[in-house]
Amino acid sequence: MAGASPPLCLVVLVVCLLGFSGAADMNGELEITWGGDRAKFLDGGNELTLSLDKGSGSGFWSRNQYLFAKIDMQIKLVPGNSAGTVTAYYLRSEESKWDEIDFEFLGNLSGEPYIVHTNIFVQGKGDREQQFYLWFDPTADFHTYSFLWNLKNIILYVDGTPIREFKNMESKGIPFPKNQALRLQSSLWNGDSWATWGGRVRIDWSQAPFTAAYTNFNDDQACIWSSSASSSCAASSKDDSWLSQQLDSAAHQKLEWVHKNYMIYNYCTDFKRFPQGLAPECVTQG
């Protein structure tokens, strides 16, 4: 957004709670929401696993909701033949016309790369997909996947490397999520009708259960939404630089490297899908 940022408590009051806690028991921060014992806390709450079998998938969400946040989570994706599985990791509001910021990891046949499917919804409208391959095996070890969401932009990171930037261009009439509190959610589910090669490769249930693992959840730099809070996010921040953080020239070079070498789909170049014209933000950002 050009010019000075408006106050952070325009619509709801928020309080920003900061202070690094490091790897810790995630039981107090994350709540298993479905899937029964397919979702489990391990190692005293330092690790959480989600599993998918023919009966059901599983999922969790954060106990907190956020109005602007910088959130990190380390994830180890489903190994082996993961075709048809979807590991979703996203921020979403609870409104009927919702806001949402997505990572979705689309499984594939053994030896074939995962696809990272990203999307941004504002007031229930998405159609802003970008897809990427990763430059490493995301099933061999944990890797960090991060959201940066402030009034200036949304940036998605993989191991600290930006893969996507969505700028606030409200001054040009382009909607931007800023009024609805979002909750972090993740799920592992059956997406074989579309996830792998457009649904041509289905889940091999003989490989079940499929399991993804999570650790090192960090929402320490986040504006935690409270309907009864009396102070703004900025008022209690120890380090609020992330609230105005944008990509510098070095980070833009990393973003361009990802787009040049690993981007496989961009809604901003899909004239066949959008014959009536590309989204207005595509004029100034890819």
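Glycine residues also receive a Cβ, built from the backbone N, Cα and C atoms like all the rest.
Features of the protein shown, as given by TrEMBL:
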- GLU100: active site, nucleophile (ACT_SITE)
- GLU104: active site, proton donor (ACT_SITE)
- 1-214: domain 'GH16' (DOMAIN)
- ASN108: N-linked glycosylation site (CARBOHYD)
- 1-23: signal peptide (SIGNAL)
Here the Cα-Cα span from ASN108 (N-linked glycosylation site) to the residue listed as 'active site, nucleophile', rounded to a whole number of angstrom, reaches 25
The residue listed as 'N-linked glycosylation site' CB neighbourhood, other CB atoms within 10 A:
20
Same chain, 6+ residues apart, C-beta under 8 Å of the C-beta of GLU100 (active site, nucleophile), given in sequence order:
TYR90, LEU91, ARG92, SER93, ASN119, ILE120, PHE121, GLY126, LEU182
